[in-house]
Amino acid sequence: MNTFLIIYLIILISEAIISTILKYTWQAEEKWDEPWYNQKTEHQRNSSKILRFISDFLAFLVLYNFIIPISLYVTVEMQKFLGSFFIGWDLDLYHEESDQKAQVNTSDLNEELGQVEYVFTDKTGTLTENEMQFRECSINGMKYQEINGRLVPEGPTPDSSEGNLTYLNSLSHLNNLSHLTTSSSFRTSPENETELIKEHNLFFKAVSLCHTVQISNVHTDGIGDGPWQSNLAPSQLEYYASSPDEKALVEAAARIGIVFIGNSEETMEVKILGKLERYKLLHILEFDSDRRRMSVIVQAPSGEKLLFAKGAESSILPKCIGGEIEKTRIHVDEFALKGLRTLCIAFRQFTSKEYEEIDRRLFEARTALQQREEKLANVFQFIEKDLILLGATAVEDRLQDKVRETIEALRMAGIKVWVLTGDKHETAVSVSLSCGHFHRTMNILELINQKSDNECAEQLRQLARRITEDHVIQHGLVVDGTSLSLALREHEKLFMEVCRNCSAVLCCRMAPLQKAKVIRLIKISPEKPITLAVGDGANDVSMIQEAHVGIGIMGKEGRQAARNSDYAIARFKFLSKLLFVHGHFYYIRIATLVQYFFYKNVCFITPQFLYQFYCLFSQQTLYDSVYLTLYNICFTSLPILIYSLLEQHIDPHVLQNKPTLYRDISKNSLLSIKTFLYWTILGFTHAFIFFFGSYFLMGKDISLLGNGQMFGNWTFGTLVFTVMVITVTVKMALETHFWTWINHLVTWGSIIFYFVFSLFYGGILWPFLGSQNMYFVFIQLLSSGSAWFAIILMVVTCLFLDVVKKVFDRQLHPTSTEKAQLTETNSSIKCLDSMCCFPEGETACASVRRMLERVIGRCSPTHISRSWSASDPFYTNDRSILTLSTMDSSTY
């Protein structure tokens, strides 16, 4: 829009310069420089010619300044603000389970929803439900899975024969080994069995103590008295956690028999098979995205100082010096291949001297007045070392409903989807395959575990060659955080070349700032694509704010993402309607709004410019000052405003079921230079018809009134203005496809209001007006039959050109959207070749009427019969406020 304004500013200055030059050229003749009826004063004769030239130039600028649509900014802001309410009112974006509707935090980006080329999405909580279920674990190198409330060594199932099954039934009675049923494949000595149970005990103690979970302080007596508390009633115990992972792990430990029952500022209480143990909480080493782990330091009832740590395997395993590290690493990879989220658990025991040193360092770092964060990070690194690995956990996070369909629809719309996640490589790939981000037939390329710049560059060149050689096959790229850092450091162009040629990109083990850097890299690429980021947690805020459009998912990790986003929705599947329907409509509306404003202002001011050729460039205005003021405020403002709020050029169901229609508006196609020139030339053409049509009617000194009176200057201007108001209003009507009673009211009401106002304004002598130029002018104009005929003829002539263009464009070069308007057999619209359906027994003029309906792409909603099937993708019942119209609901 700013580019268009600059062009129109150039047109304004050019018209002013041309008018000023022609004025002085004309006045070069002495008879026109100082005619007998307009003698100059002595001051005018002696004034500087340069000053007079500048003064005249500025006067023409003021005369023509209405070509710059200042009111466009006001209308655009009103359209954006009022239009944003439709998203919140859309019942298809309402999630009944959580009682959440879509939220709009900014209204400035509505049209950007129709221009998205890249979608960057988080995985956990965005593509998945963020409802974690404990599934498996690895304890001291041995894998277990939870089945029916019991830990079972991996391999057998509860239905296996009794002789081949080993259960860990309980942690109770450490000296009573009857609870460990052994088979021929799993026989240990009593000492080993006791050690095994102690290892399990320590592992789940770490799970129950290393967290920030809060608990509902209800009845805790009797909780944890027996083994495997799988039937805990919610009324007895309820955990609250900022992270669903922590909640799932604490609940799993409670089912096993180690129940976290509360904490205070200094103590954490745990019931181990009915026996209450109090651990003094000494320090919490909070989780951060750089360390990717958290730790707690507690004092056991025996007086031992223990550190329990949990985090990603990449942050825990390198810090371990004991435990089954290699076996656990293998198990973690196996868990990840199943799409499970993994955490490693480790501990460390401090001597009194070690703890005193740690306590002192922590106190100094936390009370530092400068560089506190850096000092704390250094202390945390000093503490979290020499760990003993206890094992790993694996929790499942299932996909949200319709994620696969939504991602596939985005791909069909020409939108590239990137998944940015902090999960392990194998977990991320498994989820990408299950959600349809990666296809089984897709060639998956990998850029992982790169150690140096040279190695990363060589791998990127190999990937680029593979893509070039297999250009027919779709490619997907997997890149981890470490390799991404190397790629962005020295090889941005090569990395971008590989990414642009891939249909899908998966970035795993990503830090929050890395997510933002990736989005910024795409934003500043030569193509300057519109980016959209979707996330649900605080760690997604940086990428949400970096993207052009930020979408927050109102999930289970608080509301930071939703509060920092431009739009907030409850589920990922709602993204399809937000882009394909709302985004499509908003872009169409704002594009037409901008073009139409420039068009009607060209129509408005060009006759003023042409009139100067017939008044010796005297700066005489063609229109009355009241008309100049009210043209954009009253006479032509409401039709375009209502259009920009309610227009639906195609049914919302069709837009959502045909994502490819989104491509028709991509790359800002409706605000291209070609479209802009068409509207501008159309405006100049109509303005020439207004002016010269009126001039040929009245310019021959012929009386058009029965009493022989002649029309004057103000009548001529009023005739031009009347034709112009009717033409630009009906032009807006031709652009409208979706008619409601509001559209009819403002469209035809604007024309009626103009006539009523002009009759009222010109029919009374207004005492507060300095001049009465318009008195009886409009009444006198309408009393002429020739004037009425000229008005109708000029309006038809102007609009006929536009209608002819529409006919040829729709017949010879129809867009996908125009084809969908005319024929849509797959969406169950019961029409043969048009959106308009007519009953049998049509008249002979039916074909002509059908062609006219095609031309304007519109039909009466009552003639449309829809029967949307339950198999329609995404939504089976459109409850959007967008579709509330005069359609008969019984036809659905």
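Keep in mind that glycine also has a Cβ here, set from the backbone N, Cα and C atoms.
Residues or ranges marked as transmembrane segment by TrEMBL: 6-26 (among others). Away from its own ends, the transmembrane segment (6-26) comes close to residues 32, 53, 56-57, 60-61, 64-65, 67-69, 598, 601, 609, 612-613, 616-617, 676 of its chain (Cβ-Cβ under 8 Å, at least six residues beyond either end).
The annotation transmembrane segment is assigned in TrEMBL to 53-74 (among others). Long-range contacts of the transmembrane segment (53-74) within its own chain (CB-CB distance under 8 A, at least 6 residues past either end) are made by residues 1, 5, 8-9, 11-13, 15-17, 19-20, 23-24, 593-594, 597-598, 601-602, 604-606, 608-609, 612, 617, 619, 621, 628, 631-633, 637.
For Asp540 (Mg(2+) binding site), the Cβ neighbour count at a 10 Å cut-off comes to 31, with all displayed protein chains included. Taken from TrEMBL, the feature Mg(2+) binding site covers Asp122, Thr124, Asp536, Asp540.
Residues or ranges marked as ATP binding site in TrEMBL: Asp122, Lys123, Thr124, Glu246, Phe287, Lys310, Arg341, Thr421, Gly422, Asp423, Arg509, Lys515, Asn539, Asp540.
Within the same chain, residues at least 6 positions away in sequence whose Cβ sits under 8 Å from that of Asp122 (Mg(2+) binding site) are Val419, Leu420, Thr421, Lys515, Val534, Gly535, Asp536, Gly537, Asp540, Met543. Residues annotated as active site, 4-aspartylphosphate intermediate in TrEMBL: Asp122.
TrEMBL lists 562-815 with the feature domain 'P-type ATPase C-terminal'.
The transmembrane segment annotation in TrEMBL covers 676-698 (among others).
Beyond its flanks by at least six residues, the transmembrane segment (710-734) meets 596, 599-600, 603-604, 607, 611, 620-624, 627, 631, 635-636, 639-640, 643, 686-687, 690-691, 693-695, 697-698, 701, 703-704, 747, 750-751, 754, 758, 773-774, 777-778, 780-781, 784, 787, 790-791, 794-795, 798-799, 802-803, 806, 856 of its own chain at Cβ-Cβ distances under 8 Å. Summarising the annotation, TrEMBL assigns transmembrane segment to 710-734 (among others).
What TrEMBL records for 746-769 (among others) is transmembrane segment.
Among the features that TrEMBL reports, transmembrane segment is placed at 775-801 (among others).
Only Gly422, from the binding-site residues Phe287, Gly422, Arg509, Asn539, place their Cα within 10 Å of the Cα belonging to Thr124 (Mg(2+) binding site). Between the binding-site residues Arg341, Arg509, Arg341 has the most other Cβ atoms inside 10 Å of its own Cβ, all protein chains included. Surrounding the centroid of the Cβ atoms of Asp122, Thr124, Asp536, Asp540, where the record places Mg(2+), the chain contributes additional residues within 8 Å, namely Thr121, Lys123, Gly125, Thr126, Thr421, Val534, Gly535, Gly537, Asn539, Ile553, Gly555, Glu557, Ala561. Sorting the binding-site residues Thr124, Asn539 by the number of other Cβ atoms within 10 Å puts Thr124 first.
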